[in-house]
Amino acid sequence: MSQQVIIFDTTLRDGEQALQASLSVKEKIQIAMALERMGVDVMEVGFPVSSPGDFESVQTIARQIKNSRVCGLARCVDKDIDVAAEALRVAEAFRIHVFLATSTLHIESKLKRSFDEVLEMAIRSVKRARNYTDDVEFSCEDAGRTPIDNLCRVVEAAINAGATTINIPDTVGYTTPNQFGGIITTLYDRVPNIDKAIISVHCHDDLGMAVGNSIAAVQAGARQVEGTLNGIGERAGNTSLEEVIMAIKVRQDIMNVHTNINHQEIFRTSQIVSQLCNMPIPANKAIVGSNAFAHSSGIHQDGVLKNRENYEIMSPQTIGLKDVQLNLTSRSGRAAVKHRMEGMGYKEQDYNLDNLYAAFLKLADKKGQVFDYDLEALAFINKQQEEPEHFSLDYFSVQSGSSIMATASVKLICGEEEKAEAATGNGPVDAVYQAINRITGYPIELVKYQLTAKGQGRDALGQVDIVVSYNGRRFHGVGLATDIVESSAKAMVHVLNNIWRSQQVEKEKQRLQQSKHQNNQETV
């Protein structure tokens, strides 16, 4: 029977240290609740003695969480431990996590003490924490650079003092997987009371090896892994918990361990952390990046259509994603285009695949990714990007400030007509969008808005990517300008033209259907 690996999340403590602005208590609660739904065993939610705000947030979260153990950090200082206990005592179950540097470098240059003094501090602090709870974790800060003899001594002493979890951090991301796994093996071989505590690891990603080191430690016997969602944290970040969790699940053939994580909550929790922490997830991020299950190569797309396991070692549904569509680009083959048309309900006799694919390649070379409504336009009205747009932005102006409601005036050229409207909104961008909606009358709902800086300095461009919902379908738009409001307006105009083309497609489909019906009647 496989053993459990405890998942210890420190997004709200170590992860928050990477943020430019602290999270509010409300935001921390949102993340804590998401982590609880995901099934983390332990969540470290703050450093209570560090500030009144941190104390309040730890205490508030401790009251709310029922199914995960809540943990607070403390130095080997009496006040730290007492304050942590006070903040945590309202929890259903809690842990006090005390830490102390053990490497020669830290002891001599930071603590300016002897190793024997450090050993005594560790023993005294673990015993003090045990006065408040039976669940005490002791961390050997900078364990990766601690002489192994000293590390074995402090681990044995901390366990004798009452520590139930011993954490071995690679604080500066210095070790390699072979080396780090060897440290864990040595502890099991040389510490006589090691069986009385759970060995935990906490790895940083300075050399890009945090996940590799954590997996090596698990294979060597560690039964708790600490990390953060999306790998956020100081410097290069922490171990990405979602990567460790899925590695354990996918590679059951070489790791006879499991976690108690609800895997289908991984993607949603990752998105919540990303949005609330204002830290975008790189597209190529393992497990949760937007490209993690994307296939653009024609060879790969063909293989996936035949059997997803050809190029996917896990299904997107496992982490809570719905079925991921293939990205249609200039590298996509005929099979992918045909598959997408079938997904929209079209049969091959409804269109000419040869003509569609030729037109698709021309369009894909110009715009990159091709969407469903683009394919329909190519199949039924053969509209290309170089044709004049139905909607274009003539001008806009906005008035906004801290004491006035944002107001926008917008003039669009709609085919042969010029139309202008004014509207108020929650900020200048919203005001512009409200004015555009008045002009078109389209019942548009904004689903996604993303701003990305292109370049640096005063002349940097702002690229706005939006997704809107219109009559049950989603349409994409992009705008680029040095002015954010202008790029936002251009993105919406791009959306309007995509919607307009889809309307022309529907009209053409109706015309073809009526013509076919009429021909059938004449034949009869």
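Glycine too: its Cβ is placed from the backbone N, Cα and C atoms.
When the candidates Asn150, Asn160, Asn238, Asn256 are compared with the Mn(2+) site entry in Swiss-Prot, which names Asp14, His202, His204, the shared residue is Asn238.
Using the Cβ center of Asp14, His202, His204, Asn238 for Mn(2+), the list of other same-chain residues with Cβ within 8 Å runs, in sequence order, Thr10, Pro169, Thr171, Cys203, Ala210, Glu226, Gly227, Thr228, Gly233, Glu234, Gly237, Thr239.
Asp14 (Mn(2+) binding site) carries neither a helix nor a strand DSSP state and counts as coil.
When Cβ atoms from all protein chains are considered, those within 10 Å of His202 (Mn(2+) binding site) total 28, not counting its own.
Taking Cβ-Cβ distances under 8 Å and a sequence separation of 6 or more, the neighbours of His204 (Mn(2+) binding site) in its chain are Pro169, Asp170, Thr171, Val172, Gly173, Ala210, Gly233, Glu234, Arg235, Ala236, Gly237, Asn238, Thr239. Counting Cβ atoms from all protein chains shown, Asp14 (Mn(2+) binding site) has 24 others lying within 10 Å of its own Cβ.
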